[in-house]
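These notes are about the structure you will find just below.
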Amino acid sequence: MESMPSSLTHQRFGLLNKHLTRTGNTREGRMHTPPVLGFQAIMSNVTVLDNIEPLDFEMDLKTPYPVSFQVSLTGFLMLEIVLGLSSNLTVLALYCMKSNLVSSVSNIVTMNLHVLDVLVCVGCIPLTIVVVLLPLEGNNALICCFHEACVSFASVATAANVLAITLDRYDISVRPANRVLTMGRAVALLGSIWALSFFSFLVPFIEEGFFSQAGNERNQTEAEEPSNEYYTELGLYYHLLAQIPIFFFTAVVMLVTYYKILQALNIRIGTRFHSVPKKKPRKKKTISMTSTQPESTDASQSSAGRNAPLGMRTSVSVIIALRRAVKRHRERRERQKRVFRMSLLIISTFLLCWTPITVLNTVILSVGPSNFTVRLRLGFLVMAYGTTIFHPLLYAFTRQKFQKVLKSKMKKRVVSVVEADPMPNNVVIHNSWIDPKRNKKVTFEETEVRQKCLSSEDVE
């Protein structure tokens, strides 16, 4: 198809040259054929055939990202919406059902984080899906600016809430008797966090100029331009100057605070696993020494005669006390291991999810945005939204009080299902959660008494 127009142009150029040479040789041709007309005829013939490139540009505007990129990001974002909403709403429902869970300061701070995760799942993640699937033709500057505002809100609010939970845990571990973070101070801290988050939400709109008349006039004049220029202008990324310091400040405070918490619990990070096998033979020696003590006391008591019961009592009490001490030491070591693992999980999850997008924001501010950095930023944003799934697992489902409440609710649910749907033919199903021993004893004793009564009547 491309060879045919080129051949036609060559033929037309040949005919024009022949015509110009013929008319140029005569006097009439020299007088009546100026060179401007020949140049205009040539240019008109050349420009008639160039009508293909604008169509390709419009096709590129309709598909801003590859289809595989759109499908993968949309799938991950939908999964985060489903898992994040289900887990966070479950946690909030259980917190609201039990009044004793809301009474403490640490639970209120944790609930604030779960409320934020619900808002991110409802507002921020769906808007990211719209931006990924949105064609760039038309004026989409308002949607893009709103998306940047949601990203700014999510990053600042998440970092601030994680920082508040870290300070609360430090206050519990280091100063359990006289706590600094009281209920009134906690409410003031949460209020300041929400105010800071709302201000970070407004910064992209102020930056774009939607609240001023000049900004509105500029948006009306730039309505015909493609909206991909929104993401490639450096002046629209200055709101990242507030997100980057908050992230690094939160990361440093988390590292220092959890190190202090481990020190308060006498947990050494380097020699924690090497100190356990050294103490075990000492425990065995003490146990063996205590086991030899009752033998010697038994020998002395057998020789003593009347003093035997008193010596046996003292030896048994010593053995019981030593067993309790060993059990307490083991529980303490298990508690320390659990705290150490949870601290590592909390720190690593926050850093793994939010470090890539923060580093990329720093690169954008230093070098400038491009199409590649815009796509990479959307991928890192999916990683950052993964905290909506990890927060309930790290801060709620690992707590013992929350686990007890969840188990009790599940028990009541199972009991109601068993009572509402009885089996036919009077078949009794014993539930393992509803004291099976007590029910079995009662039924067994009743049948045994009936058999005895029947046997006694037969004998009589």
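Even glycines carry a Cβ here, placed using N, Cα and C.
Residues or ranges marked as compositional bias 'Basic residues' in Swiss-Prot: 276-286.
Under the heading compositional bias 'Polar residues', Swiss-Prot lists 287-305.
Feature annotation from Swiss-Prot assigns region 'Disordered' to 276-309.
Among the features that Swiss-Prot reports, topological domain 'Cytoplasmic' is placed at 1-74 (among others), with the record citing a curator's inference.
Among the features that Swiss-Prot reports, topological domain 'Extracellular' is placed at 96-114 (among others), with the record citing a curator's inference. The average pLDDT for the topological domain 'Extracellular' (96-114) in the predicted structure is 81.
Residues or ranges marked as topological domain 'Cytoplasmic' in Swiss-Prot (evidence: a curator's inference): 136-144 (among others).
For 166-185 (among others), the entry in Swiss-Prot reads topological domain 'Extracellular', with the evidence type a curator's inference. Residue counts for the topological domain 'Extracellular' (166-185) under DSSP (helix as H, G, I; strand as E, B; rest coil) come to 12 helix, 0 strand, 8 coil.
Positions annotated as topological domain 'Cytoplasmic' by Swiss-Prot: 207-235 (among others).
As annotated by Swiss-Prot, topological domain 'Extracellular' applies to 257-343 (among others), with the evidence given as a curator's inference.
The annotation topological domain 'Cytoplasmic' is assigned in Swiss-Prot to 365-377 (among others) on the grounds of a curator's inference. Mapped onto DSSP helix, strand and coil, the topological domain 'Cytoplasmic' (365-377) counts 10 helix, 0 strand, 3 coil.
Taken from Swiss-Prot, the feature topological domain 'Extracellular' applies to 399-460 (among others).
The transmembrane segment annotation in Swiss-Prot covers 75-95 (among others). Counting residues 6+ beyond its ends, the transmembrane segment (75-95) has Cβ neighbours under 8 Å at 101-102, 107, 111, 114-115, 117-118, 120-122, 125-126, 128-129, 132, 382, 385-386, 388-389, 391-393, 396-397, 402, 405-406, 409 in the same chain.
Here Swiss-Prot flags 115-135 (among others) as transmembrane segment. Using a Cβ-Cβ cut-off under 8 Å and counting only residues 6 or more beyond its ends in the same chain, the transmembrane segment (115-135) has close neighbours at 61-65, 69-70, 73-74, 77-78, 80-81, 84-85, 88-89, 92, 143-144, 146-147, 150-151, 153-154, 157-158, 161, 197, 378, 381-382, 385, 387-388, 391-392.
Taken from Swiss-Prot, the feature transmembrane segment applies to 145-165 (among others).
A Cβ distance under 8 Å defines the sequence-distant neighbours of the transmembrane segment (186-206), meaning residues of its chain 6+ beyond its ends; these are 105, 108-109, 112, 116, 145, 148-150, 152-153, 155-157, 160-161, 164, 168, 236, 239, 242-243. The transmembrane segment annotation in Swiss-Prot covers 186-206 (among others).
Marked as transmembrane segment by Swiss-Prot on the basis of sequence analysis: 236-256 (among others). Note on the transmembrane segment (236-256): residues 145, 148, 152, 155-156, 159-160, 162-163, 166-167, 200, 203-204, 207-208, 230, 346-347, 350-351, 354-355, 358, 361-362, 364-365, 369 of its chain, located 6 or more positions outside it, place their CB under 8 angstroms from a CB of the stretch.
For the transmembrane segment (378-398), same-chain residues at least 6 beyond its ends with a Cβ under 8 Å from one of its own Cβ atoms are 73, 76-77, 80, 83-84, 87-88, 90-91, 110, 113-114, 117, 120-121, 124-125, 128, 131-132, 151, 154-155, 158, 165, 342, 345-346, 349-350, 352-354, 356-357, 360, 406. Cβ atoms under 8 Å from those of the topological domain 'Extracellular' (166-185) belong to residues 105-106, 108-109, 250, 253-254, 257-258, 260-261, 264-265 of the same chain, restricted to positions at least 6 beyond its ends.
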